[in-house]
Amino acid sequence: MTENKTKVKDLAAELGVTTKELGQVLKDMNISAKTSTSVIAQEDLPRIKERVQAQRDGGARKEGNPDVIVRRRHRDGDRASARAEAKAPEQEATAAMPETSAPERAEEADKPAVAKPAKAPETEAHARARKEPQAEPVKARIIRRPDEPAPVAKVVEAAPAETPAPEAPAVKATVTAEAAPAKTVEPESERPQADKPATARVVRPATPDASAVPDGTSSAPTLPVRSAEPSDTVERADADADGDDDDAQQRRRKKKRRQPEAVVPQVRVISRPDPAAVAQQQMQQQAAQQQREAGGYRPGGQRPEGGYRPEGQREGGYRPEGQREGGYRPGGAPRPEGGYRPGGPRPEGGYRPGAPRPEGGYRPAGGPRPEGQREGGYRPGAPRPEGGYRPAGGAPRPEGQREGGYRPAGGPPRPGGAPRPGGFGGAPGGMPVPGADGRGDQSKKKRQKGRRTVDFQADGPRGRSDDDVMRGPRGRGKRGKKDVRPAATQPLKAIKRKIKVDEAIRVADMAHQMGLKANEIIKVLFGLGVMATINQSLDIDTATVVAGEFGYEVEKVGFSEDDYLVPKEEDAPETLVTRPPVVTIMGHVDHGKTSLLDAIRKSNVTAGEAGGITQHIGAYHVTTKKGEIVFLDTPGHEAFTAMRARGAQITDLVVLVVAADDGVMEQTREAVNHSKAAGVPIMVAVNKMDKEGANPDRVIRELSELGLVAEDWGGDTIFAKVSAKTREGLDELLELIAIQAEILELKANPDKAARGHVVEAKLDKGRGPLATVLVQEGTLRQGDAFVCGVFAGRVRAMFDDQGRKVKEAGPSTPVEVQGFDGVVEAGEEFVSVADDKVARRIAESRAVKQRERELAKESKVTLETFLSRRADAAEALTLNLVLKADVQGTLEAISEAVRKLSTEKVKINIIHGGAGAITESDILLASASDAIIIGFNVRPTSKVKDIAEQENVDIRFYDIIYKLVDEIKSAMAGMLAPVQREVYLGQAEVRETFSVPKIGVIAGCHVADGKVTRNAGVRLLRDGVVVYTGKITSLKRFKDDVRDVQKGYECGMGLENFNDIKVGDVIEAFEMVEEAATL
């Protein structure tokens, strides 16, 4: 340690924290410190101390947060209660002044009571959101003394014009004799409601008029109706619940002066109609029908002349649709004889806003009210003249805005043949609806071909109510005809400008959803460089771009595997347990990775590998004195790049093995890059320290150039010097791994569905598809359903790395799983799911997507791909291959290595590749495509061999990857094996033979021509016939070994495994020269 650096353990002791806590702080600050002996730069110390102190202060502050939340909740309640007490006297005082305008009183009572008019139609989602807070009891509040005249408020509804269908009574402002002082909102199931969107009632106060109150009629108190805001409703309810004495007195006064007509609109709640109410409605409807057929007078009282009728609101309270004196008036039932509107008859001389309507005029049935904004109680049109009536008011009011709300288009019509109260009935059933029969045809003419038509069906949420459907036709004759509602042709509203797309959508379907013509979308696609037809499928990304051009949003619908595979919530800290570290051993080929693992496992894996090199990725669970460790052994050969990358991605720690006598090699650099890309910490093990030429300093120097600086040199990379052969330094290496794992705090939740990655996959002849799975979280049990890549399955059996059968596997446990539907790709994520149906659904969805991606790649034709397909016949030399390997990872490595061998003159085309034994279908495929079958660690059956001979298919077998690559290179040189040429060197004549014990016969020769070399091949000729062909074992001149003997000299020559040498034989020397066929 230098003067300007401090060790981690010393700083931890100084700050009074554990090394583990300090390690976490350093990790958050991106200060590299792997062990407690790591050093920290002096300039970093102030920042670290500030961070540790800030964390202590932050922990102290967090402890008080829950109390603050609780206290805030109490303050809200107190404030609401105080506000309620303060408002009651003000409201009474305000109500005592009759000349004060109602808007001012409403603002003084509670300013949020007056809501802004809604500018756009509400969706059902908005209605539900508004409806939810109304489930709590809502207390009615009296804001004036009973002896004062009631302020008259204008009610603007956000609902369509109603039929006399059953409707939920609003919450009463006054309390009936049988009810409690404040009536709460009933549950939805108990309300006889029309099946329509629930909308909040919004009240706009109007100017009071003393003349509006008739003599002899005591009016009930009228309440300013609050908008249905959840926060305000809850606050008011809390304030009343706290016990407001003044409110209690007002409620008692209210009980004495009960008026059955006065109701307070609070909110309309949708529910199914009550069967008892429906039966009563049907009876009343039949009576009304009989009266209408008889042409009788419709009771209800004659409207006084010139009565003041502020729009929608009568003096004395609110009159919802279908509500008449005496309570609920369902479905066109007659009003009791002599009945009157709740607010009383209109006195003479009253003012009705609007221009005077001509005497005797009437508003024909079915005439739509003009769209537009009505403000301030103004009613366009004219007051109905004396004795006038509105016959057959069955036309729906078109969509239009009134202040305080809106009336959606297509609302239910008013009951046919029902004149306004005070009017006189016309013909039975009223006058027929002009144009009612032709509205459907008219709306069809208005439809534009390129615009979306929105039809609100009769049985939909805005059509006939449920009790209308139960009643059936409403009459006979012309009245019996079904109501024909116009189909509104309109572009989608802004809130509805969304199209729903699955993984892909056709151009025609997209045009239909957007209300456009298909050629408009095709025009945009052409501008994007996509040649599309009306039936072309667009992926979701392209559809999003196209929809954006027209101002639409894309909503992805359909099956989503994320709903099943993505964890719903994070694991709670108390559910996490410590898991063993996953350590990947990486390095260059022949640097001793597997031998080092053998020494740790005390086994012999290397002996089982062909050629002594690792060609699979192996997972091993090792129990050491320092705890359990999971090792992944990766291949070092250059062809296994993908395997090394995969090993780095699913590991916690990488041990980089470098031979002390060899130094840093190409695959060593690649392993370092893979580990850095995966963000995995690296520990270096310098192996082969027992060799004479070991030079660990050279390794440290070369690795420092790659960014791995040893701790001895002031860096943070841990170096361990080991020898797999002598087991030197293994305990130190295991201890360093255990310390590093402790710093990383590796934890996982074992009590959840298993999730992991496939390390290796293969096809076993007896057990079917197998995969080595490293479980990373959860516990995998026998019988669990799972999905992996495009395959689903159920765990039939599990085996550990020793081949023993196990029932379950926890986090950081490698197991071999049996039960796949096919051979999965190595590196795929393995996820356990609830049942087989979900697994199969996800697998099928992935398979369809994969096929679509493959088809999309094939359909894309560029200039380069087009020209590459038109090579000349002389140059179009292609080597077709069918690759079969034992495991999926090896197949991937071989495929990649073989593809790299392609040159401009010879292309390699892999017709098919798969894991498992060579089958009959492989032979037939190779025969049809003139391909060579390459088998790696697999063998065919005798039947398959016979078929191969019949089909003249060449099968090559390999067990070492670099031999496979070399032979393919040779085959590419001339589409055949390398050419070997024999070169003549010289001749020697045998003049004498000598028999040497333990060696054999030695020929004494004289070189007659050329020369004879020691490594040359020889051919023994006797009377011109070749008797022996072999090699020279010894070549001596006198007693000295020589490399060659020139012409004219004598020598002694021994032949390999041949002693029948006779005087007079001729020995011809030659050598074989390999020459690759030129292309």
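Numbers run from 1 along the shown chain.
Every residue gets a Cβ built from N, Cα and C, even glycine.
Which of 603-606, 687-690, 779-782, 943-946 counts as region 'G4' depends on Swiss-Prot, and there it is 687-690.
In Swiss-Prot, the annotation region 'G1' applies to 587-594, one of the ranges 3-10, 587-594, 691-698. Your range for region 'G2', going by Swiss-Prot and the list 612-616, 637-641, 892-896, 967-971, is 612-616. Of the listed segments 633-636, 801-804, 857-860, 949-952, Swiss-Prot assigns region 'G3' to 633-636. Around Lys593 (GTP binding site), a 10 Å sphere centred on its CB holds 30 further CB atoms from the protein chains shown.
The DSSP breakdown of the region 'G4' (687-690), given as helix, strand and coil counts, is 0 helix, 1 strand, 3 coil. Under DSSP, Lys593 (GTP binding site) is assigned to a helix (H, G or I) in the three-state scheme. Under the DSSP three-state reduction, Thr634 (GTP binding site) is assigned to coil, being neither helix nor strand. Under 8 Å, Cβ to Cβ, and six or more positions away along its own chain, Met689 (GTP binding site) finds Ala660, Pro696, Lys721, Val722, Ser723, Glu728, Gly729.
Summed and averaged per residue, pLDDT over the region 'G3' (633-636) gives 65. Around the Cβ of Thr634 (GTP binding site), 29 further Cβ atoms fall within 10 Å across all displayed protein chains. When other Cβ atoms within 10 Å of the Cβ of Asp590 (GTP binding site) are tallied across all protein chains shown, the result is 17.
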